[in-house]
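Annotation comment: TrEMBL describes A:48-70, A:76-99, A:120-141, A:161-180, A:192-211, A:231-249, A:270-291, A:303-329, A:341-366, A:372-398, A:419-441, A:453-473 as transmembrane segment.
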Amino acid sequence: MTDHIANGTLTTLEAEHEEAARHRAAAERGDAPLLPSERLWGFWEFTYANSALAIATWAFLIGGAIGLFVGPKEGIAAIVIGNIVGVVLTALATTTMSGRYGVEQFIALRSQFGYNGSRVVYVLAVVVLTMGWLAVLAMMFGRSIDGLMALSAGEAANPTGIKMIIAAVGAILVTWFIVARGPTSIKFFNMVVSPALVILMVVMLYLILSHHSFGELLAMPALSPPFEDKTLNFIVAVEVNLAAGFSWWPYIGNLARLTKNERTAFWPNILGIFGAAALGEIVGLLAAVALGESDPTIWMTKIAGPVIGIIALLFVAFANMTSMANILYTSIVGLRQVGTASVRAISWGTVLFLFCLIPLGLVVVYPQMYDGFFIFLVWTSALNSALAGIGIVDYFFLRGQKLDMRSLHGPQENGPYRFWAGFNPIGLFALAVGCIVYVAVFNPQTLASLPAFKYLTASLPAFVAAGAVHYVLTRLFARGRGWGQYP
Amino acid sequence: MENDTAWQNELARRARIYEDIEASGRFEGTMSALDYAAVTALTLVLVVAFWIWGA
């Protein structure tokens, strides 16, 4: 009799444990807010995770692109100025609320854009950005392999040739295969690649400084300045770095929700994201200008000679695959979170493959995208800077840093974040205004700009315009209509 | 349906925990005015210093 009761109690306890574990796993995936006791990352853990994300091969690419516009002295200044402003504003817009409430970033976004509006923002900000980066990184992989084969055979590389395209297509397909197997394989690559990239950066920096003194490097000219006006070239370089700083908008909020509190969600971004990205970009910039070549897959072979060059290129190819796997995995997890029931019904492997089709098309049809990748990066800032402006205004100034977890996670159809058919017209209009202001001040495609661009950049006016429009229209119209539960 | 009810209860439990923390002002490690002043000062110092040095 006693045994029966004991067994029954044990079974009930086991069932409760299982249910608690299921709920916690669902909260980790973003379906519910993580409780303070469930969040494990302190300051250094988050700094390490941030650094691992920021130290990627794209830092070499951005640094090299800066070398096209300005010399190393102006370039280092532009890297620091653009990145610190972009990262601080992005972190304020995303990590403070995630760190306080443990809420998934795109669920929190329902309070700014409505439950359907947040889906639109997800597609624009995450899907487009990730597809573009997947294509660029795959092409960088392809160029590394092409350079490797050319170096081994003693021939000249052909960076847009058929070998590059085949290797890039292969990179996307292998990435699809890795991510389809789940997150465990990605974690393994991360543990190896991030520290190894730091070593690669130090070796590259040592090799550069063994050929040129720091003073000589600082005095070198830009590779291909687009304008005669040096201030304009400098501001374009600052703008590219602002875009790099703002480009963390889709990713850091969801990392910050794993931290213990608001402070540990915010400050590590300064050390991890800003510090690590700036270091990688500066190495890329110095190497590009010293060797007269902005493409890392070419300057690495020039600086390091055939043997170390082959090792460096192999490693860059490997590191690119890791970055691709990271961003693909994060995007698809988020896509299933914001997606409709029909999207969630598609199998993991199939949705991954469908997502890879556009990057595959870009690699085959538009391999020239790689050389102008900074144009694509700057385009994303038109959106990300406006999103940061709206995020800061909504969370800090309109809501007084208070979010309603019950309404954000409960049924949405009749909830306060329904706005108008699930869309907040004010937030979406403010976003459109921010983007229009950006393109009016500075056209990323043609580099044409208004005179104000030299003094204000384009990201900052877009940030301010979107925030101001969102604030004024919300104060005027949202409360009266009962939209969004504004206090 | 049972699972759905259990999940809705779990969501309500988590929301209630945050409501209690908020009501009693027990949020730990919140960003203070000093944090915001420090990050503003850091940003301004870096921007001005590197502008003067590099631009």
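Cβ from N, Cα, C; glycine included.
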Intrachain neighbours beyond the transmembrane segment (A:453-473), with Cβ under 8 angstroms and 6 or more residues off its ends: 85-86, 89, 112, 229, 231-232, 235, 238-239, 242-243, 246, 381-382, 385-390, 392-394, 397-398, 426-427, 429-431, 433-435, 437-438, 441-442
Same-chain Cβ contacts of the transmembrane segment (A:231-249) under 8 Å, 6 or more residues past its ends? 62, 65-66, 69-70, 74-75, 77-79, 81-91, 93-94, 125, 129, 222, 225, 269, 273-274, 277, 281, 374, 377-378, 380-381, 384-385, 387-388, 442, 447, 449, 453-454, 457-460
Same-chain residues at least 6 beyond the ends of the transmembrane segment (A:161-180) with CB under 8 Å of its CB atoms are 134, 137-139, 141-146, 149, 186, 189, 317, 320-321, 324-325, 328-329, 332, 348-349, 352-353, 356, 359-360, 363-364, 367
Please determine whether the transmembrane segment (A:192-211) and the transmembrane segment (A:48-70) are in contact (criterion: at least three Cβ-Cβ distances under 8 Å, sequence separation 6 or more). yes
Return the stretch with the most CB pairs under 8 A relative to the transmembrane segment (A:270-291), choosing among A:48-70, A:76-99, A:303-329, A:341-366, A:372-398. A:48-70
For the transmembrane segment (A:303-329), sequence-distant contacts whose Cβ falls under 8 Å of one of its Cβ atoms, 6 or more beyond its ends: 53, 56-58, 60, 130, 133-134, 137-138, 140-141, 144-145, 147-148, 151-152, 171-172, 174-176, 178-179, 183, 185-186, 189-190, 193, 196-197, 200, 203-204, 207-208, 211, 251, 287, 290-291, 296-297, 352, 355-356
Cβ pairs under 8 Å with the transmembrane segment (A:76-99): which stretch of A:48-70, A:341-366, A:372-398 has the most? A:372-398
Positions on the same chain near the transmembrane segment (A:372-398), where near means CB under 8 A and six or more residues out: 61-62, 65, 86, 89-90, 92-94, 96-97, 111-112, 121, 124-125, 128-129, 132, 136, 239-240, 242-244, 246-247, 249-250, 427, 430-431, 433-435, 438-439, 442, 444-445, 458-460, 462-468, 470-471, 474-475, 486
Six or more residues beyond either end and a Cβ under 8 Å away: which residues meet both conditions relative to the transmembrane segment (A:48-70)? 41, 78-79, 133, 136-137, 140, 190, 194, 197-198, 201, 222-226, 230, 233-234, 236-237, 240-241, 244, 251-252, 255, 268-269, 271-273, 275-277, 279-289, 293-296, 299, 316, 319-320, 322-323, 326, 373-374, 377
